[in-house]
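Engineer: Take a look at this one; I'll ask things after.
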Amino acid sequence: MAGNTIGQLFRVTTFGESHGLALGCIVDGVPPGIPLTEADLQHDLDRRRPGTSRYTTQRREPDQVKILSGVFDGVTTGTSIGLLIENTDQRSQDYSAIKDVFRPGHADYTYEQKYGLRDYRGGGRSSARETAMRVAAGAIAKKYLAEKFGIEIRGCLTQMGDIPLEIKDWRQVELNPFFCPDADKLDALDELMRALKKEGDSIGAKVTVMASGVPAGLGEPVFDRLDADIAHALMSINAVKGVEIGEGFNVVALRGSQNRDEITAQGFQSNHAGGILGGISSGQHIVAHMALKPTSSITVPGRTINRAGEEVEMITKGRHDPCVGIRAVPIAEAMLAIVLMDHLLRHRAQNADVKTEIPRW
């Protein structure tokens, strides 16, 4: 199976399945001499970890990460960093009924069409369980970006179903289980989640991720534009069906005089572009949004077929998230960090000596 690696200089390769013995990843390209411990990675893993609230799957995985290589005496050595997380709470028997049945809306049908077989236990490689390793690798990138460049990456839920969430206070994001920046909407979110659990249904969501302190100049035209790589990274997250950079699809209703980010001696006057112009960072906040579909793992009966092509009724068993967008917030942060880390290393390799006299803000 190809397609398990992202990045050019900062490269992350993940492996493992939902109900396998463990998940792991290899992180290449980390500069030497960076202080790094397992505790540095654990914080974000705990934010993504299942079973931490009544609103997410009750699969209880400690997600304790182990650093296997690439760190000596508490600092990175410049060699490959190996990371491992053991699976401890698999209930594979929950999936025995779908061994020969294709769950609608899942990768069961397409995986078997491609490979001629599939791991039906929790979706195998197609499960979002794999994203734990992205978060671990992304934590390395977030640490480097923050300490060396002052770059801060943060994300939040900005819509669940038909409930829009305004970014009122970033401090609120870590104070509630929804990663919600709008405290006034917490009761509405709770009511929606309770209704979904009662109905056995699910709902979609929108997640916003932002990076501040990013220097101007990151991005490689034309096929490795920074926004293209960010979109690629976010679209690779399970259940993501759409990505917007900056104003995104809202630009359709705008005129050029409204959308252009005018510049004065004090700097840019707006940021409709999301901090990227011509595929290269402008020095403004980088802003991206992603839409996540409602999970198909629901107890509402639905039609599908078995491997013999016979129509059957399907009710999903197991432990699942009514809204996968909630735990996607730290995953989105990780993927943005991985892309920015890669582009910073690439920019430094080619353009470290470039000096310009034009203003920076």
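Easy rule for this one: first residue shown is 1, then count along the chain.
Placement of Cβ uses the backbone N, Cα and C atoms for every residue, glycine included.
According to Swiss-Prot, the NADP(+) binding site annotation covers Arg48, Arg54. Per Swiss-Prot, the feature FMN binding site maps to Arg125, Ser126, Ser127, Asn238, Ala239, Gly278, Lys293, Pro294, Thr295, Ser296, Ser297, Arg319.
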Engineer: Which ones in the same chain are close to Ala239 (FMN binding site), with CB under 8 Å and 6+ residues apart in sequence?
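Structural biologist: Ala128, Leu292, Lys293, Thr295, Val324, Gly325, Ala328 - these are the non-local Cβ neighbours of Ala239 (FMN binding site), listed in sequence order.
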Engineer: Write down the Cα-Cα distance for Arg54 (NADP(+) binding site) and Arg125 (FMN binding site), rounded and given in Å.
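Structural biologist: Here the two Cα atoms are 25 Å apart.
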Engineer: Counting Cβ atoms within 10 Å of each candidate's own Cβ, which of the binding-site residues Arg48, Lys293 comes out highest?
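Structural biologist: Compared across Arg48, Lys293, the most Cβ atoms within 10 Å surround Arg48.
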Engineer: Write down the Cα-Cα distance for Ser127 (FMN binding site) and Arg48 (NADP(+) binding site), rounded and given in Å.
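Structural biologist: Computed Cα spacing between Arg48 (NADP(+) binding site) and Ser127 (FMN binding site) is 14 Å.
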Engineer: Quick one: give me the count of other CB atoms within 10 A of the CB of Ser297 (FMN binding site).
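Structural biologist: Excluding its own Cβ, Ser297 (FMN binding site) sees 20 Cβ atoms within 10 Å.
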Engineer: Report the same-chain neighbours of Arg54 (NADP(+) binding site): residues 6+ apart in sequence with Cβ closer than 8 Å to its Cβ, ordered by sequence.
Structural biologist: none
Engineer: Counting across all protein chains present, how many other Cβ atoms fall within 10 Å of the Cβ of Thr295 (FMN binding site)?
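Structural biologist: Result for Thr295 (FMN binding site): 23 neighbouring Cβ atoms inside 10 Å.
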Engineer: Identify, in sequence order, the residues in the chain of Ser127 (FMN binding site) that are 6 or more apart from it along the sequence and have a CB within less than 8 Å of its CB; answer 'none' if there are none.
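Structural biologist: Listed in sequence order: Glu17, Ser18, Asn238.
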